[in-house]
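Chemist: Starting off with a structure, shown below.
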C-alpha cells in the first residue's frame with residue numbers, strides 16, 4: 001500500500017461524506033427543524049440524480065435528453081425538480097401526523113423508484129443513464145478526485161451556511177416552535193401548513209442536489225442506486241447519530257457513519273479467508289448496533305441541538 | 001467538512017495503514033461481489049468459483065516468479081454506492097492488479113466510471129449484462145465474460161433474416177427483459193433490411209390478448225416474434241394466436257423455451273414454433289471446470305460460476321503475460337484469448353505458464369465459452385434456435 005493510494009481513498013471518502021452530508025442536512029431541515037418524519041429520502045435523491053442526468057447527459061434515441069447543459073445547470077435543475085416533486089407530495093402528505101407521514105413517504109419513494117425503472121422514455125428504465133459529464137473528469141485519477149472533492153466541499157459549505165443562517169433566523173425559531181408545540185404556534189398566528197411545506201420542499205431540494213452530485217461523480221445513474229438501505233436509512237442513522245437539530249451534527253454524523261461503514265470492511269478483511277465473505281455482514285450489524293447504542297446512551301446525538309435562550313433564562317434566574 | 005471530521009478521518013486512516021500491510025510479494029486480484037444486498041444468495045458461489053481459479057494458480061507454481069496470487073474479496077452490495085466504495089478500497093488500499101466483478105450492472109457502471117477507468121485498472125465482470133456497459137468510454141479496461149442482454153435479440157434477428165423471414169410482428173412483455181430483447185431485435189432486424197410490421201408491448205396476466213394480436217396482425221406479417229415467458233403470459237398469447245389464426249409462424253426468445261406450451265398446446269400444433277435459447281455448450285473446458293469445482297465443494301450448476309471462474313483465470317493469465325505490469329494487463333488479456341494459439345483449458349496453469357515463458361501464443365477456452373473478446377470487451381454468447389420435436393425441444397441451427 002502506498003501513500004498515494006491512501007490519499008485516493010481519503011479523497012473518495014471525503015466526496016462520499018460530502019454527498020451524504022448534503023442528504024443529512026436536507027433531512028435535518030425536515031426532521032430536525034420541522035419534525036417531519038420523511039422516510040422517502042431515496043425518492044428525492046433519485047429525482048435529483050435523474051433530473052441532472054437528463055439535462056446534462058448525452059443524446060440517446062428514444063429517451064428524453066441530449067440538452068448538453070453544463071453540470072451546474074444540471075445541479076440547479078436537480079434542486080428545482082426535487083422541489084417541484086416535493087410540493088404536491090407535501091401538499092397531500094403533510095396533513096398526516098408523524099408516523100403516518102413516514103409510511104406515506106416510504107410509499108412515495110417506492111413509487112418514484114418504480115417510475116424510474118419502468119419509464120424508458122424518461123430514464124432509460126432499468127439500464128440507467130450513463131456517460132454523464134464529470135467536472136474535471138479528464139484530469140488524472142488523483143487530481144480529478146481532488147477537484148471533485150473541492151466542488152463537493154464548496155457546495156456543502158454553501159448549503160451549510162445557508163441552512164445555518166435560516167436556523168438562527170426567526171424562520172428557524174418559528175419552525176422549532178411549530179415542531180415542539182404546534183397548538184401554541186398556531187395560537188400565535190403562524191401558518192403551520194405553509195411553514196411545514198416550506199421545510200419539506202427546502203429539505204427535498206437539498207436531497208435532490210445530493211443525488212445529482214452522486215450521479216456525476218459516478219458518471220452514471222441506475223435504479224440500483226435508489227436502494228432504501230443506503231439512500232434512506234443510512235442517512236437517518238447519520239442524522240440521529242450526529243444530532244438532529246444541529247447542522248454540524250448532521251455533517252459529523254455523515255462522516256462518522258460513512259467512515260465506519262467503509263472502514264469496517266478493511267477491519268473484517270483481516271479475518272482468515274474462509275470467513276472473508278461471511279464477515280461482510282458484520283458491517284450491517286455494526287451500523288445497527290451503533291444506532292442502538294446511540295439511542296440508548298445519547299439519544300440527543302453526538303452534537304445535540306443548541307438550546308439558545310436557555311443560557312439567558314438561566315442567567316435571569318440568578 | 002469540519003475539522004473534527006477531518007481529524008477523525010486522518011486518525012482512522014493512520015490506524016488502517018498500520019493494520020493492513022500484507023507481504024509485498026503477493027499479486028492481488030480484487031473479487032468484488034454483491035455479498036450483501038439483493039443477490040446475496042448468488043454471490044458466495046461466484047466468489048468461490050473465482051477463488052478456485054486462484055488456488056489452482058497457486059497450487060501449480062504460483063504467478064510470475066512463484067509469487068502467490070491473492071483474491072481480495074470486497075462487498076459491492078449490488079448498488080453503485082457499495083460498488084464504488086469496494087472498488088476504491090481494492091484499487092487504493094489493497095493495490096490490486098485487476099478486478100473480477102462487481103456483480104451487478106449498476107455497480108459495474110459506477111465503479112468503472114469513478115474508479116477503475118481513471119485509475120487504469122482492468123475490470124472483468126462475470127455477471128453485469130447491461131448493454132450500457134458495452135458503450136463505456138473505458139480506454140479498453142472494462143471487459144465481461146457474460147454476454148450482453150443485447151446479444152440474443154441481435155443474434156435472433158440475424159438468424160431469422162438469414163432463414164428468409166422478411167416481415168415479422170413483435171409482441172413483448174412490458175418489463176426489462178421483454179423491452180431489452182425487443183429493442184435490440186428490432187434495431188438489428190431493420191438494419192438487416194427486414195420489416196417490422198407490428199411492434200407492441202403487452203401487460204402480463206390478462207385473460208385475453210386477442211385485441212393486441214389483431215392489431216399486430218393488421219400489418220400483414222405472417223410471423224410473430226414473442227418475447228415473453230412460455231409458462232406465463234406468453235402461453236396465453238401463443239394459444240390465442242393459434243386458435244384465431246392470426247399468424248402462421250411463431251418465434252420465441254429464451255423465455256418461451258419452456259415445456260408449458262408443448263404440454264398445454266400439443267407438439268402437433270407447434271410445428272411452426274421456434275425458440276432461441278442459450279446453449280449449455282458441451283465442452284471439455286466445462287467438464288474440467290465442473291469436476292474441479294465439485295472437488296472444491298462448490299455447485300457447478302449455480303448461476304454465473306463459470307463466468308466468474310473464467311474471469312479470474314483469464315486475469316491470472318493476463319497478469320502473467322504482462323509480467324505483472326498493471327498497465328499491460330488489458331492488452332495481455334486480449335492476447336491470451338483472441339482465438340489464436342495453443343488452447344488452454346480451465347486449470348491448466350502450469351502448461352500456460354510455460355508457454356507464456358517460451359513466448360508461444362495461447363488461447364484460453366473457458367468454462368462458459370471461448371471468451372474471445374470483441375472490440376468493446378464483450379463476449380458473444382452461444383445461442384441456438386430450437387424447434388419442437390416429440391415432447392421436447394431440439395436444436396435446429398446455431399445462431400451467429
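Note: Cβ is positioned from N, Cα and C throughout, glycine not excepted.
Because TrEMBL annotations are produced automatically, they should be read as predictions rather than curated entries.
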Chemist: Choose the correct range: of A:128-145, A:146-163, which one does TrEMBL annotate as transmembrane segment? Give that range.
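Modeler: TrEMBL lists transmembrane segment for residues A:146-163.
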Chemist: Labelled transmembrane segment by TrEMBL, one stretch among A:197-217, A:281-301. Can you tell me which?
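Modeler: Spelled out, TrEMBL records transmembrane segment over residues A:197-217, not the other listed ranges.
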Chemist: For the transmembrane segment (A:229-261), I need the partner stretch with the highest count of C-beta pairs below 8 angstroms, choosing only from A:6-29, A:99-116, A:146-163, A:197-217.
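Modeler: Most Cβ pairs under 8 Å with the transmembrane segment (A:229-261) come from A:6-29.
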Chemist: Have the transmembrane segment (A:146-163) and the transmembrane segment (A:6-29) got at least three CB pairs under 8 Å, pairs 6 or more apart in sequence?
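Modeler: Answer yes: the transmembrane segment (A:146-163) meets the transmembrane segment (A:6-29) with 3 or more Cβ pairs below 8 Å.
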Chemist: Please indicate, using numbers and ranges, the residues of the same chain that are 6 or more beyond the transmembrane segment (A:36-57) and have a C-beta under 8 Å from a C-beta there.
Modeler: 23, 26-27, 30, 64-71, 73-75, 77-82, 85-86, 94, 98-99, 101-103, 105-113, 116, 122-123, 129-133, 196, 199-200, 203-204, 207-212, 214-216, 221, 223, 225-228, 231-232, 235-236
Chemist: Please figure out which one of A:69-87, A:99-116, A:197-217 racks up the most CB pairs under 8 Å against the transmembrane segment (A:6-29).
Modeler: A:197-217
Chemist: Let me spell it out: take the transmembrane segment (A:69-87), skip the flanking residues so only those 6+ beyond its ends count, and list any with a Cβ under 8 Å from a Cβ in it.
Modeler: 43-44, 47-49, 51-53, 55-56, 112, 133-135, 155, 197, 200-209, 211-213, 216
